[in-house]
């Protein structure tokens, strides 16, 4: 093995050991403000979280403390057992947040086993929770609780933990990417063993599909559609670009539509795989774009010849639908970035692209109007060498847009 590779592996191993040791020490050496002591503590793999507990085999109960660091008093945190599932659906949650009166409010909240659409409303769990309280100290929320575990001999359960923003008294949806979709695993209260998410590959696969959906739609609807409009509006002014501008316009728009349909299809698949998770505005605009884009494609087949009496009406229809699609496309790309949560670099890159396209359009708008006006003046001068008749000629009136 190459010496550099061996040195790198040894160094990485040392760093990992030091990190793990420090993390475990933070768990076992922690002192609670109420002086509670627990027999077992395990650091959870993501979201800067720790679970402390003591299992009482005599009555099958657990005293526990769930610590969630790196949050603010404008965040909610939750830890849950899932008796019949592995993730959020059907989870039996312990929730804490700072309410509008400034008090830390801790309560229980059951999540439906059939829908992700939850506001974490207060309610009883499928097992008893005789005691629950919480505190917020140094950007760490701690939930204390006593659980009467479900009847039976099992001490091993699936667990889920999470955090998200609070707006007033309303708990908002957590991030849909990164560690927030990997915060689940298993716990055995008797043996003291915990394990990380076994379905991490599934979460990663879903995130890749979301990214693919975003890239396809941002490039097609968000970039290629506006570019196609730029080709049509500005290149037609140059006589040497006729009919090349038309073929460029058609090629760009049909390619954008084809790629956009692929992106739309991935969005439908993501929606069917994420029951209960809804981005209604993004979804509705996407469906509208697909319908309008399809109309534009079929309208191309019905395009009258330039001298046809209905060509003016076709142009009005084509331009109205076209610019509507472009505006909605840009809006929906930003709606998509909001749904992806955390993809700020992609959002900044897209903003840069849109600014560049806008700047190019402004410059071409000024330049092509200059050419049109100059061409009109030259035409008038050739027709009226003495300047007669020049008044009343509107250079703007006959520009086809």
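Cβ from N, Cα, C; glycine included.
Where the annotation comes from TrEMBL, it is an automatic prediction and has not been curated.
The model shown is predicted, which means the values in this text are computed figures rather than measured ones.
The feature heme b binding site is assigned by TrEMBL to 213, 249, 282, 318. Same-chain residues at least 6 positions away in sequence with a Cβ under 8 Å from that of residue 318 (heme b binding site) are, in sequence order, 296, 299, 303.
The feature domain 'DOMON' is assigned by TrEMBL to 47-164. When the domain 'DOMON' (47-164) is classified with DSSP, helix, strand and coil residues number 0 helix, 64 strand, 54 coil.
The annotation domain 'Cytochrome b561' is assigned in TrEMBL to 170-373.
The signal peptide annotation in TrEMBL covers 1-24.
Residues or ranges marked as transmembrane segment by TrEMBL: 214-232 (among others). Here the transmembrane segment (214-232) has long-range neighbours at 245-246, 248-249, 252-253, 255-260, 262-264, 266-267, 286, 289, 293, 322-323, 325-326, 329-330, 332-333, 336-337, 340, 343, 346, 350, 353-354, 357, 360-361, 364, meaning same-chain residues at least 6 beyond its ends whose C-beta is under 8 angstroms from one of its own.
For 285-302 (among others), the entry in TrEMBL reads transmembrane segment.
Annotation comment: TrEMBL describes 314-334 (among others) as transmembrane segment.
The transmembrane segment feature in TrEMBL is assigned to 349-373 (among others).
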What same-chain residues, at least 6 away in sequence, bring their CB to under 8 Å of the CB of residue 213 (heme b binding site)?
263, 266, 267, 270, 336
Overall pLDDT for the domain 'Cytochrome b561' (170-373), taken as the rounded mean
84
Sequence-ordered list of residues in the chain of residue 249 (heme b binding site) that lie 6 or more positions away and have a Cβ within less than 8 Å of its Cβ, or none, is 228, 229, 231, 232, 235
